[in-house]
Amino acid sequence: MAELRRRYAIGYALAPKKQHSFIQPSLVELARGRGVDLVPIDLGRPLAEQGPFDCILHKLYGESWKAQLREYTERNPGVVVLDPPEAIERLHNRISMLQVVSELRVPQERETFGIPKQIVIYDQFALSDAGTLGALRFPLIAKPLVADGSAKSHKMALVHHRDGLLKQKPPVVLQEFVNHGGVIFKVYVVGDYVKCVKRKSLPDVSEEKLECLEGSVSFSQVSNLTAAEDREEDKYYETMHLDEAEMPPLSFITEIARGLRQAMNLHLFNFDMIRDTKVGNRYLVIDINYFPGYAKMPCYEAVLTDFFLDIAHKKSNDQLD
């Protein structure tokens, strides 16, 4: 009689919108066929009463949820939590988020990497102080300090002149805008798996053009340019061919991804990277997100199923890093 294959239970706790986008029937069916059962965690019941789970996959926040996870892992020390709440919280602050990039010790030969120059402003008065910016040069990207996935945390602006700063609401991170050819590289990380894709980004801003632009413009306005004076940007996107943009070497981004995964103690994240047009082999990491929209990634069902099995096997062999 053939030996029954061990099945693995992955309990998931996600907000409704995240669950709808990530837990697709195609993922559930593929995983089930390979011995992985994706089991919804009932948020109306104590976590301690549910399971047993080999792994808990989550993207929920708050002290109550953290306490439930803590209690569950104390009762079930063999359960893998993807990922630790304390590690995720580092990405909720845009300064601590990118600090880890500056601390990476990754070999840099032909290609180099870093982060843009940036400062954080905590009060409104500092925005009107001429000395606040220091060495930062316009244009600037203004981002809320808190990056918790809320609608408020996504409200960003491209600030062209000093008067545009006065519209910003502290605490805010001011990041020097770097011309990057209108292309952003989104690097998805799933354990050891790394996938880089290209996306359109904000167009370059020349010195001449900077003098003619208004104080600031929100990102939603930049991505929906309809005014007559913005037709030049429309033409920019029409003439830009995304497929012509050269991808960064896979070995290079894989090294960065591995370094970030180990430094942050996270298995599921993506990071946004741009290439400085002034220094063609210089890349800048501008954002890191926990548990991004993997359903947009090609063949995400197979990638995630492989990852779940890898986690389960490492757990069985006590090799999980």
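Using the three backbone atoms N, Cα and C, a Cβ is placed for every residue, glycine included.
A C-beta separation below 8 Å, combined with a sequence spacing of at least six in one chain, links Lys186 (1D-myo-inositol 1,3,4-trisphosphate binding site) to Cys196, Val197, Lys198, Arg199, Asn270, Phe271, Asp272, Met273. The feature 1D-myo-inositol 1,3,4-trisphosphate binding site is assigned by TrEMBL to Lys18, Lys59, His154, Lys186, Asn289, Gly293.
Annotation source TrEMBL lists ATP binding site at Arg94, Lys143, 175-186, Ser201.
Taken from TrEMBL, the feature Mg(2+) 1 binding site covers Asp272, Asp287. Within 10 Å of the C-beta atom of Asp272 (Mg(2+) 1 binding site) sit 17 other C-beta atoms, taking all shown protein chains into account.
The Mg(2+) 2 binding site annotation in TrEMBL covers Asp287, Asn289. Around the Cβ of Asp287 (Mg(2+) 1 binding site), the number of neighbouring Cβ atoms within 10 Å comes to 19.
Mean pLDDT of the predicted structure over the domain 'Inositol-tetrakisphosphate 1-kinase N-terminal' (10-88): 97. Under the heading domain 'Inositol-tetrakisphosphate 1-kinase N-terminal', TrEMBL lists 10-88.
Annotation comment: TrEMBL describes 109-310 as domain 'Inositol 1,3,4-trisphosphate 5/6-kinase ATP-grasp'.
For Gly181 (ATP binding site), the nearest neighbour among the binding-site residues Lys18, Lys59, His154, Asp287, Gly293, judged by Cα separation, is Asp287.
Neighbour density for Ser201 (ATP binding site): within 10 A of its CB lie 20 other CB atoms from the protein chains shown. Most buried of the binding-site residues Gln175, Asn179, Asn289, judged by other Cβ atoms within 10 Å, is Gln175. The full span of the recorded 1D-myo-inositol 1,3,4-trisphosphate binding residues, Lys18, Lys59, His154, Lys186, Asn289, Gly293, taken as their largest Cα to Cα distance, is 20 Å.
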